[in-house]
Amino acid sequence: MTDTQQKIKAVLLTVLMVTSVFAATIAFSGAAAASERGAGDSYTTGPTDGNQDNVDSAGNVGAGAVVFQGEDDIEGEFADGNGDTVGIGELQKVSGDNEGILLESPIPQDQPTGRYTANPGVEGTEGVTLQTPRITDLEIQNSDEGDVTGSILQANNDNTAEILVDYNYDEAEDLELTVEDEDGLEVTEEILADGASETVNTNVNNDDHPNPAADGDRDDSFDAGFTINPSNVDEGEYTITVEGVEDLDFGDASETATVEITTDQTASLSLDSDEVTQGEDLGFDIENSPEGNFHAVVIEESEFRDSASASNYAKVFRNVGDTSDRGLVGEDADGNTVAVAPGDADSLESIDYAYGIVEIDGGTGVGSVETQYLDDSSIDIDLYEAANGDYTDNNAHVNDINLVTDDTYETDDEQDFDVLEGDLTIDSPSGTYVTGSEVDVNGTASEGIDDVAIYARDNNDYELVEIDSEETISVDGDDTFSEEDISLSGGDLGGNDILGLPGTYRIGVVDVEDADSNSNGTVDDSLTTSEFNSGVSSAESLRVTDTELNGTFITYNGQISSDDNQIDVEGQAPGKDNLVIAFVDSRGNAVATDISVDDDDTFSEDDISISALSEGTVTAHIISSGRDNLFGDGVSDSSSGFASLIEEEYASGSSTGDQVRSRILENSVDDTASDDLIVNEQFRLADGLTTVESVNSPVEANGTIEIEGTTNRKPDDNTITVELLDDEDESVTVDSTDEWSSDGQWSVSLDLSDENVEPGNFTVEADDGDNTDRQSVQIVEAGSLEEEQPATDTPEPDTDTPEPATDTPEPATDTPEPDTDTPEPDTETEEATTEATGPGFTAAIALIALVAAALLAVRRDN
């Protein structure tokens with residue numbers, strides 16, 4: 001290499017070094033002069049301040065700053081607490097599931113949120129907080145500050161609307177608005193109001209970046225907003241999207257809403273259905289009206305149900321949804337037009353219409369009609385134009401305006417719907433009813449029927465039936481009504497009287513609204529057949545029968561033991577709640593008590609004490625007070641009272657048993673005009689007795705002794721124990737029973753198979769705890785009682801003897817087979833040999849063997 005070449009290379013190297021230093025200086029200077037994204041904890045003005053002049057998220061961040069997932073192009077230097085600094089991409093997560101991971105740069109959209117520092121755990125270390133960017137609220141408000149998000153925005157008179165936003169990333173980026181029409185065409189620039197910007201920020205409100213959320217005219221709970229003029233675009237549905245201007249346009253950082261822009265000034269009324277069952281609620285919506293408007297909906301008096309009261313007519317429009325007021329308009333006693341609430345409706349002399357005042361909220365006014373107060377016909381409902389303070393005051397109908405008769409007020413829309421008559425059924429009682437008995441009263445009702453009344457008819461009008469001291473029954477939410485354990489004849493009204501006598505009648509159910517013919521708010525005691533049938537009603541035939549009485553006393557072998565002195569009784573008494581049970585002995589002593597009848601019309605009473613009676617013949621009586629619930633001709637009106645009369649009066653003194661029984665009968669079933677019922681039985685009260693009636697004997701030592709007997713003791717309360725005793729009265733085995741029927745017959749089995757019993761004479765003893773009885777039994781050797789086989793059975797083996805003989809020739813017929821299968825004859829021959837024995841049989845076998853050998857020799861010669 002020449003000196004000249006070396007010099008040229010040195011010059012080039014110098015130029016490169018100088019250029020590199022210059023470039024580095026320029027780069028460093030550029031970084032130092034870059035716009036600051038913010039100074040973290042001291043940050044106050046936002047990315048659109050005069051110091052930065054940028055709207056996106058590029059720039060430096062300082063210690064303590066909040067950064068967001070998805071941010072790109074951000075830088076910063078952070079002290080590590082040891083005198084050094086690190087870049088943003090070297091910060092580490094302080095805690096949590098992902099502790100220690102690095103904060104990547106650019107920041108991924110799914111980077112775990114939390115605190116990141118240069119040197120976690122070291123005092124003086126610096127860092128940032130990572131959050132998820134979010135728009136937490138997006139609301140479209142009309143010029144009256146009504147929320148029309150997702151509904152209708154009226155475009156009229158160049159009134160502007162606002163798109164208001166709450167979000168958390170104002171330190172990172174501005175918000176950007178995008179508006180598209182229903183064809184997907186972007187119309188953002190067109191719909192923006194004059195002077196409005198398509199980008200905003202919470203912290204800025206100036207000519208370049210106006211923020212209507214900060215101008216004091218809007219709800220200051222919003223961070224930022226955009227001003228639009230709906231009159232700038234055509235009618236239709238528009239999609240509004242708000243998101244960050246650069247990086248933060250994903251997930252929760254972006255929010256979308258729709259709005260229907262219309263220029264139509266006429267509101268419309270839509271009904272949920274054009275046909276409802278009377279009593280069913282009918283919902284409606286008012287649409288195409290600016291947010292915050294108030295409209296009147298009206299149903300005229302001619303559409304009302306005839307039997308309802310004024311206070312109910314005032315409830316035609318339900319106080320639900322967006323309804324701010326409801327009531328009636330008519331004339332008072334002085335002839336003045338007045339609007340009254342339901343509570344004052346009865347003060348009207350005449351009624352013109354029912355009204356509801358409904359507010360447009362969220363683009364729609366929602367209301368509902370209570371159709372149970374309307375006639376079952378075609379009903380007209382009118383929607384009046386929005387009130388501008390002319391017919392409303394404080395969102396209520398003013399007092400001296402009649403919308404129907406005053407031509408000043410026009411309707412925006414009207415609709416009609418059909419009201420169909422509802423249905424009622426009465427499912428119980430049905431068929432037959434025993435007077436005085438308790439039954440369930442139940443049935444079904446159409447939706448909207450709140451209460452029903454029960455009526456009964458003989459030949460004339462329908463008479464009200466009192467149900468458990470009430471005149472009506474409420475309908476449950478599942479459209480059924482039900483009352484349990486009701487005595488239809490037990491009330492004080494005309495219908496109860498009808499059902500208290502045997503016969504065939506009509507029982508019916510009617511909507512309470514149709515049972516108030518004079519509209520006084522209470523059901524009528526009586527309805528004509530026409531009045532009953534013209535309402536929502538249903539009726540069935542019901543046959544009423546008289547009370548009955550059946551019963552029996554439980555005795556054992558016709559007796560009750562004086563050791564027990566207790567007796568049971570059971571039976572059926574339809575239509576009764578209580579009965580009298582009485583006992584009279586031959587000496588005139590009496591025991592009487594009252595018992596209750598169960599809901600299923602049965603009665604059962606155990607362990608009635610009869611210890612006051614003498615032994616001997618006893619008569620037992622079950623007495624019912626009958627249909628009129630009176631014993632005799634008013635002798636007593638209660639079972640307990642009549643029982644006391646029997647014990648304390650009829651059985652007092654020196655009366656005989658017959659005299660006591662006579663007094664019971666003459667004051668009950670035999671009294672004048674009495675409808676009492678009685679059941680009579682007789683038994684013997686005697687000493688306790690348990691006897692052994694039969695024992696099978698003799699019995700083998702491994703057999704079973706069967707013991708049977710009778711008793712007059714009560715089972716369950718007593719146990720009969722049976723023992724086998726040896727000749728020294730030592731117990732060999734024992735068993736017991738506490739079950740026997742009313743005939744007193746009992747039985748016990750003593751199993752000897754597990755007992756080591758020697759043959760001999762033994763005793764069986766039965767003991768009921770108070771009484772015993774014995775019988776002897778002989779035990780013999782096991783197997784000694786087996787019967788010998790009959791002589792006619794002996795020949796049976798002989799009849800089978802010829803069978804081997806008939807089978808014997810079979811080997812001979814098979815003998816030629818050895819030509820093809822030699823072993824088979826040998827097997828057959830051996831079988832025959834084992835089967836047959838006797839003199840000369842061995843010689844025959846030898847002969848057969850010789851013949852077989854000869855045949856084999858001949859075969860070989862051939």
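Cβ coordinates come from backbone N, Cα and C, glycine included.
What Swiss-Prot lists as region 'Disordered' is 35-60, 101-126, 200-220, 752-838. What Swiss-Prot records for 43-57 is compositional bias 'Polar residues'. Taken from Swiss-Prot, the feature compositional bias 'Basic and acidic residues' applies to 206-220. Annotation source Swiss-Prot lists N-linked glycosylation site at Asn442, Asn520, Asn550, Asn702, Asn761. Per Swiss-Prot, the feature compositional bias 'Acidic residues' maps to 784-801, 816-833. The compositional bias 'Low complexity' annotation in Swiss-Prot covers 802-815. As annotated by Swiss-Prot, transmembrane segment applies to 838-858.
The most crowded of the glycosylation sites listed here (Asn520, Asn550) is Asn550, judged by how many other CB atoms sit within 10 Å of its own CB. Neighbour counts were taken at the CB atom with a 10 A radius for the glycosylation sites Asn442, Asn702, Asn761; the maximum falls on Asn442. As a summary of secondary structure, the region 'Disordered' (101-126) carries 0 helix, 5 strand, 21 coil according to DSSP. Candidate glycosylation sites: Asn442, Asn520, Asn550, Asn761. Nearest to Asn702 (N-linked glycosylation site) by Cα distance: Asn761.
Taking Cα separation as the measure, Asn520 (N-linked glycosylation site) is nearest to Asn442 of the glycosylation sites Asn442, Asn550, Asn761. In the three-state DSSP classification, Asn550 (N-linked glycosylation site) falls within a strand. Cα of Asn550 (N-linked glycosylation site) to Cα of Asn761 (N-linked glycosylation site): a span of 52 Å. The DSSP secondary structure for Asn702 (N-linked glycosylation site) is coil.
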